[in-house]
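Here is the structure we will look at, set down as structure tokens.
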């Protein structure tokens, strides 16, 4: 589930960003409208490996499991295989993982990237607001990314993919992943399967009612029945985000 690669290992589901051999997209979604997600960024290291969200002109929010010490951030991207004229590529000056990030449990799977210069904001590159409160179950959210579009096999569209999916209740989430869901995680998607984020979507945005409520984190497979995507619960980190940005 989500914008990452997921591998079941010793009973634990672990999320990985994609490698240069493995790109990814959303399963069961649709091609986004050209400026549907101007906050969406592509994290690059010679290839797209994760997504992220522009939250100010100089800061991007992503998943801690996407960490690299140096990252090229591509903003205004839509078709990865074409130059649309709207792209901005800015290198990172700082990459800051949450100090409580646990690579085994994926608790606190959140990371800030400071850009080496401010992005130029326009209709194709813009920020997404942080949450003013936590999202409620049943709310429909927009997930986007360049991840795998197949739940079995690989098909990698170049155009940004979108998916509308509901927030599940905490009880539904915990029942799907017994003993694995912390208070810093939310489940979003369909228990019947068929629609989900997937490998390569990791770190990307979940926007609900115009606010950034989730970060693609982990799951078992992609779009598998009974296993919705698991996302970092951004509303728990607003203070950490603001404090980290102001002190760096």
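Positions of Cβ are set from backbone N, Cα and C atoms, glycine also.
Annotation comment: Swiss-Prot describes 32-162, 50-66, 134-235, 141-208, 173-187, 198-222 as disulfide bond. As annotated by Swiss-Prot, domain 'Peptidase S1' applies to 26-246, with the evidence given as sequence analysis. The signal peptide feature in Swiss-Prot is assigned to 1-15; the stated evidence is similarity to another entry. The annotation site 'Required for specificity' is assigned in Swiss-Prot to 196.
Features as recorded by Swiss-Prot, highlighted on the structure.
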{"residue": "32", "record": "disulfide bond", "DSSP class": "coil"}
{"residue": "50", "record": "disulfide bond", "DSSP class": "strand"}
{"residue": "66", "record": "disulfide bond", "DSSP class": "helix"}
{"residue": "134", "record": "disulfide bond", "DSSP class": "coil"}
{"residue": "141", "record": "disulfide bond", "DSSP class": "strand"}
{"residue": "173", "record": "disulfide bond", "DSSP class": "helix"}
{"residue": "187", "record": "disulfide bond", "DSSP class": "strand"}
{"residue": "198", "record": "disulfide bond", "DSSP class": "coil"}
{"residue": "208", "record": "disulfide bond", "DSSP class": "strand"}
{"residue": "235", "record": "disulfide bond", "DSSP class": "helix"}
How does the model score the domain 'Peptidase S1' (26-246) in terms of mean pLDDT? 96
In this structure, which of the disulfide-bonded residues 50, 141 has the fewest other Cβ atoms within 10 Å of its Cβ? 141
DSSP on residue 162 (disulfide bond), three-state: which is it? strand
Residue 222 (disulfide bond) -> DSSP, reduced to three states, gives coil
Name the one residue among 50, 162, 173, 187 whose Cα is closest in three-dimensional space to that of residue 134 (disulfide bond); these are the disulfide-bonded residues. 187
Rank the disulfide-bonded residues 32, 134 by the number of other Cβ atoms within 10 Å of each Cβ and report the first-ranked residue. 32
Taking just the CA atoms, what is the gap between residue 141 (disulfide bond) and residue 235 (disulfide bond) in Å? 14
Relative to the Cβ position of residue 222 (disulfide bond), how many further Cβ atoms are located within 10 Å? 32
Around the C-beta of residue 198 (disulfide bond), how many further C-beta atoms are within 10 angstroms, looking at every protein chain? 34
162, 196, 208 as recorded positions, winner by CB count within 10 A: 196
Lowest 10 Å Cβ neighbour count of the disulfide-bonded residues 66, 173, 187, 235 is held by 235
Reported as an integer number of Å, what is the Cα distance between residue 66 (disulfide bond) and residue 187 (disulfide bond)? 19
Of the disulfide-bonded residues listed here (187, 222, 235), which is spatially closest to residue 196 (site 'Required for specificity') when Cα positions are compared? 222
Which of the disulfide-bonded residues 32, 50, 235 has its Cα nearest to the Cα of residue 198 (disulfide bond)? 50
